[in-house]
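Enquirer: When I checked TrEMBL for this same protein, it listed these features:
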REGION    1-51  region 'Disordered'
COMPBIAS  32-47  compositional bias 'Polar residues'
DOMAIN    33-422  domain 'Catalase core'
Amino acid sequence: MPPASKKPAEQASSLGNGGELHQTASAPDARITTNHGVPISDNQNSLKAGRRGPSLLEDFVLREKIQHFDHERIPERIVHARGSAAHGFFELTESLADYTTAKILTEVGKKTEVFTRFSTVAGGAGSVDTPRDVRGFAVKMYTVEGNWDLVGNNIPVFFIQDAIKFPDLIHAAKMEADRGYPQAATAHDTFWDFIGLMPESMHMVMWIMSDRTIPRSLRMMEGFGVNTFRLVDAAGKGTLVKFHWRPKLGTQSTCWDEAVKIAGADPDYHRRDLHDAIASGDLPEWEFGVQLFTDEEAAALPFDILDATKLVPEEVKPIRVVGRMVLDRNPDNFFAETEQVAYLPTNMPPGIDVSEDPLLQGRLFSYQDTQLSRLGSTNFHQLPINRAKGCPFQNFQRDGHMQTQVIPGRANYEPNSLAEAGEVAGPRADPRGGFRTASVPVEEGKVRIRAESFADHFSQARLFYRSQTAIEQAHLASALVFELSKVTLQHVRDRMLSLLRNVDEDLASRVAAGMNLDLPAAAKPAVAPQDLPESPALRIVGKYPETLKGRAVGILVSDGADGSLVQAVRKAATQAGATVKIVAPKVGGVTLKDGKKLAADGQLAGTPSVIFDAVALVLSEEGCAQLLHESAAMDFASFAFAHLKAIGHTAEAMKLLEKAGVKPDAGVIDLAKGVDGFTKAAATRQWDREPKVRMLA
Ligand code: HDE
């Protein structure tokens with residue numbers, strides 16, 4: 001059973017001053033009312049002219065209810081529409097007082113409330129959780145000096161260098177304008193047409209074609225601030241900084257074929273996973289780290305730190321871990337919190353500042369602006385989820401749609417001298433403690449150009465590709481083959497191949513061979529690519545911990561199965577940290593060998609192996625014989641094998657495995673030899689099996 005959400009009363013309310021708005025529907029005498037508090041006597045029948053007559057305009061109860069319903073939807077986000085979020089806290093473990101005055105980065109041990117929203121980028125709000133896509137990683141920290149929104153992604157670089165290209169990028173990536181498809185997919189003509197004409201995107205292309213864009217869980221993703229920011233000390237001196245979130249469970253991904261099938265099996269796979277983990281007390285956690293640079297260090301890098309298509313390898317500048325974030329509470333209301341939360345890169349407490357990165361500079365305008373069309377009012381900051389909670393917010397901005405504050409007095413302008421007459425005079429600027437911009441020299445007059453220091457588009461793409469393990473390189477090449485095979489315009493495919501030759505000749509040849517196409521001549525780069533030292537830190541495979549923590553194990557059982565073996569597998573996997581589900585042909589469960597009933601958590605047809613990290617088949621001979629005629633059972637076994645999962649089995653289950661094409665290997669484990677072998681194998685993917693189950697590019 002999925003863990004239920006805690007009832008509001010059991011959760012510490014973190015909405016603070018929003019709490020009074022909560023309805024008290026659980027009170028025993030709760031009486032349904034209109035929106036204006038008038039008690040309703042009948043919520044089932046409308047007011048009619050006679051028993052069988054037409055409804056009356058007079059029926060304000062009916063009209064109010066329907067009218068409110070008619071307006072329930074608001075525009076979804078133009079990007080990052082589909083998201084899932086949770087409450088939690090940030091805790092600083094090491095002070096950055098040498099670099100910044102921001103209290104959240106100097107007060108060690110203090111816990112600050114956060115609200116974190118993860119998202120896909122291209123799909124609509126009702127799309128699925130597992131397309132190949134960048135994931136948003138947006139954290140709102142309610143600090144005592146105002147909200148700090150670190151609005152990042154799970155990839156440290158971006159497609160474009162200048163914000164002016166963003167509408168083109170998103171138009172090209174989203175469903176095509178005339179036909180309205182594909183939804184939530186970049187595997188189509190317009191996306192690759194644009195990308196091929198935009199060589200600056202080549203580094204990002206390597207990342208999006210890597211397994212990073214098919215994450216196993218939102219709890220297993222890194223987060224990056226992407227743009228370069230500044231920390232500002234008391235003297236106004238700035239230090240360049242890049243922000244990082246690192247998941248405690250390591251960065252883990254699915255297989256592409258698996259991600260596609262999860263989309264059908266459980267479109268809400270990531271949302272459910274996050275919700276269930278938090279509800280069951282298995283709290284997701286990330287380390288918070290920084291890379292700090294003086295201006296001189298930044299100037300010595302082989303690229304421009306203001307260019308968001310570049311990263312600084314950890315091997316060049318290690319990440320200093322200075323804090324952690326734990327998500328410990330699910331939202332009470334999806335719309336009020338996850339949908340209405342508005343992140344603004346301009347939300348920064350004093351001591352944190354922006355850089356001149358031209359991508360970030362455009363973002364500083366866009367987010368504030370988009371909330372107006374999405375949330376409909378300049379007062380969106382007054383919504384409980386957006387309100388500054390760590391400190392008051394007060395100024396002389398007044399009125400507007402949906403103003404919820406009742407501010408007494410005449411002081412709605414400044415300066416004023418009303419205090420001299422004993423009246424409330426309102427707040428004043430704080431030159432010492434208020435937000436200050438780092439002093440940065442401006443070099444020249446107005447120009448509409450791209451700096452020469454942004455011209456190298458291939459060196460870091462090459463660095464990324466060459467830093468991957470052989471398995472990851474094969475996945476990346478195969479992803480390119482998949483995407484470009486969905487492209488219908490030959491010149492678009494050719495242009496991509498010609499660009500890939502500048503990244504890596506081997507990669508280009510593999511992709512061309514994967515499509516059975518000839519390699520065109522290499523594109524002429526603006527700047528010849530350099531061979532930078534590899535960065536093993538950019539890998540996923542071999543880096544995440546081999547553990548069952550955070551993973552899911554499915555046990556397929558049949559009538560007549562050995563109950564003690566089921567219990568042994570369940571106990572061992574649970575003790576090792578996994579969530580275990582019993583899957584049976586029928587939802588009412590099975591009758592075990594000893595005559596006892598075993599309840600099921602899921603029915604076989606609706607609980608396929610794609611939603612588990614490892615599976616065990618504890619079947620009796622008869623049970624297995626019956627399942628030989630059940631395609632869902634065949635898929636359960638064959639997909640687990642194809643998706644490189646550990647498979648534990650009884651001897652009686654072998655016939656099913658054989659029919660499903662499962663070839664015994666180190667990850668296919670006879671449970672009669674003890675369950676430990678299974679739990680050990682289940683702690684990772686069986687990468688060695690991959691060449692036997694699919695043709696990779
Ligand atoms: Fe965003 N982005 N973005 N973006 N972005 C939005 O703001 C925009 C960029 C990111 O969970 C929008 O409130 C421009 C980079 C996240 O609510 C919009 C540019 C990064 C979210 C917007 C970028 C991001 C958004 C749409 C190029 C990683 C979801 C709704 C200059 C650092 C936040 C909204 C949430 C959302 C604009 C590029 C991250 C339209 C113009 C780079 C995680 O304002």
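Counting starts with 1 at the first residue shown.
Keep in mind that glycine also has a Cβ here, set from the backbone N, Cα and C atoms.
Fair warning: this is a prediction, and the values are worked out from it, not measured in the lab.
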Enquirer: Over the domain 'Catalase core' (33-422), work out the mean pLDDT and round it to an integer.
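Expert: The answer is 98, the mean pLDDT of the model over that range.
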Enquirer: Would you kindly list the residues that approach the compositional bias 'Polar residues' (32-47) from elsewhere in its chain, counting only those six or more residues past its ends and only Cβ-Cβ distances under 8 Å?
Expert: 55-56, 58-62, 64, 68
Enquirer: Can you count helix, strand and coil residues in the compositional bias 'Polar residues' (32-47) using DSSP?
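Expert: DSSP composition of the compositional bias 'Polar residues' (32-47): 0 helix, 2 strand, 14 coil.
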